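Working notes, beginning with the structure itself.
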């Protein structure tokens, strides 16, 4: 209880609604444009390399960097924030929040939910497109393992299955990231603490660049039509600014700020759910799919090393940002 009192006293010294609102309006434009830069960079790079001999290798390196960013986002940013929200003294002193580690439970539910969606959609795609008599493992790039050798039509169908799987991964991944972006935006929009918001604007700008690169890398490989790519990029870029506006409206209507118990509970639950989805997608559909089932990775030792370096760089760059955001 003493820590709650000291935290409240410290927050009151920085509480300035007018200054906080001014910073939020600046952040709307900064975060939107940095999000656009982040998510379009890998998409444009993929377009640049398309049709060239190094296209597949370049896409693989970009995707490994993206996987590192997504994994770091879930484990270093989203999950600790969710645990912190549900461990706050205003929440942890109440039943049932003090009786059970709900952040871990909801993270588990998020991972199992992502698995269920993955299995259901993959099964639907496989049964809807699999040629008669062939066994075609969905989600792998190795077309020679676990299937009968068929004709050209069979190989093309398998290639289509892989592409459909990649599109599914990109869409589920965007859902998890949008959850995270909404939480960040609403929390910032409800806050009246200018001392918190000021450094957060710059930190979130870099955060959105790297997170956008992570999602953009997956979108680039999925081969969506230009209209779909533009829509997905716009959704990612606009979600955090929309969350900030939503948070400002919630504060103006209810008077709740980001430190109210109800806001903390909502932040903790949605953050845990998002974290579970992102952890599953990063480990299973991005890292495992490429490092264990990609023919390119097995046939080029230098590519495997380069992919590991890209994975490490993506993880490291996003983890360093946790110092500020």
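Cβ atoms are placed via backbone N, Cα and C, with glycine included.
Curation does not apply to TrEMBL; its annotations are automatic.
As written in TrEMBL, here are the features:
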TRANSMEM  25-46  transmembrane segment
TRANSMEM  58-80  transmembrane segment
TRANSMEM  100-121  transmembrane segment
TRANSMEM  172-191  transmembrane segment
TRANSMEM  197-217  transmembrane segment
TRANSMEM  229-251  transmembrane segment
TRANSMEM  263-287  transmembrane segment
TRANSMEM  308-324  transmembrane segment
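With pairs at least 6 apart in sequence, the transmembrane segment (58-80) and the transmembrane segment (197-217) have 3 or more Cβ pairs within the 8 Å limit; the two touch.
Remote same-chain partners of the transmembrane segment (58-80), defined as residues 6 or more beyond its termini with a Cβ less than 8 Å from a stretch Cβ, comprise 42, 45-46, 49, 103, 107, 173, 176-177, 180, 207, 210-211, 213-218, 220-221, 271-272, 274-275, 278-279, 281-283, 286-287, 290, 294, 296-297, 303, 306-308, 310-319, 321-322, 325. The stretch in closest packing with the transmembrane segment (100-121), judged by the count of Cβ pairs under 8 Å and taken from 25-46, 229-251, 263-287, is 263-287. The listed stretches are 25-46, 172-191, 229-251, 308-324; of these, 172-191 has the most Cβ pairs under 8 Å to the transmembrane segment (263-287).
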